[in-house]
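Chemist: Sending over a structure as structure tokens; questions will come in a sec.
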Amino acid sequence: MSLGVGSVLLGRYQILRLIGQGGMGTVYAAFDQQLNHQVAIKYFRGQDAIFQSNLQREAQILARLRHPSLPRVYDLQRVGDAAFLIMDLIEGENLDSLLAQRGAAFEPDVVLAWAKALAPALSYLHHQTPPVIHRDIKPQNIIRTPEGQLILVDFGLAKQWASSNQSVVAYTLAYAALEQIQATSPVNQRSDVYSFAATLYHLLTNCEPADALTRASSLINGQPDPLVNPVNLNPAVSPAMAAVLVQAMALPANERPASIDQFIQQLQQGFYNQPSLSSAGQPTIVQRPAVATIALLEATKPALSAKQILQPQLPPQQITYQETTEMEDPLTRFLVFSILFVVGALLLLCLFAPNF
Ligand SMILES: Nc1ncnc2c1ncn2[C@@H]1O[C@H](COP(=O)(O)OP(=O)(O)OP(=O)(O)O)[C@@H](O)[C@H]1O
């Protein structure tokens, strides 16, 4: 079905322009000739009956949502194997475009303010029964309106059903949690915590974070985690804030903050440079050099390919990390103590045998 500019869809929606195309569908701006207002239409094409009925069930859930930072969903129309979701048209520019135009990282106070503005919307989604998981938080899906308000678009909709379809990628690799890529354990609000943190990481550093699959693959092969500490990319980010981000992007879901609210609280503490805590579930920063080992996967070394990681035999929760600092290394400890011993002996000689 062609949706050319000017054509009228379903006898009512005049297509104004193409907004963007993603893995699951295409988004258009249109004019609703019946209600005289502009809408956004997401066009899902070539979907089977199971997908369509799941889509309908989810659209019914989304239609009940009311939040100032989320577009309202009005209608779902089906024509053959195509489906059209009608929702608020959000005018403005997405944060990915704003970052590209700026060509440099955003200031930490700006990103923190954005995070705090978006968190209630995510929290609202997560507190639905059943919880609505966004599944695709990324700078491109956050639109800043001309009034400066942030709106989170493209949420939830049937992405878990799409992910079982081999031809569809229903997430964006750089921002997706490992459990979402592997599809071996349920995606939950901690998966959104990962994506939200990865989004903030990108905005704070102007660099896409290393994706979870590459990171897991490196760790399995005894390599350091390729996720660059945000402090090294933007010195304006405090070490404590960076630690919170890195913790929220932990590969095992159970090491991330349990909720968006908890994450934002930690991020705010980090911004104001409060000391980071090292107990379980609290932010710690990855020290370099550090030896990262994946204890339960140790037996499978030396090499696991990315494809193998994708296979469902090893749930991501089984991945645990162990870190040793430089001083914990026996050779380093031996060298440091030897040097201290020699220096001490020389000092004693100078004191008690000055003619020596
Ligand atoms: N209601 C809306 N109003 C305005 N723009 C929107 C709206 N919903 C989505 N968009 C924009 O449309 C573009 C394409 O969205 P789309 O959802 O097709 O792509 P995607 O997120 O890359 O992939 P996927 O199909 O996996 O969701 C994005 O840039 C998004 O910001």
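Each residue, glycine too, has its Cβ placed from N, Cα and C.
Not my notes, these are from TrEMBL:
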DOMAIN    13-272  domain 'Protein kinase'
BINDING   Lys42  ATP binding site
TRANSMEM  334-353  transmembrane segment
Chemist: Give the number of CB atoms, excluding that of the residue listed as 'ATP binding site' itself, located within 10 Å of its CB.
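Modeler: 22, counting other Cβ atoms within 10 Å of the residue listed as 'ATP binding site'.
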Chemist: If you average the pLDDT over the domain 'Protein kinase' (13-272), what number do you get?
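Modeler: The answer is 91, the mean pLDDT of the model over that range.
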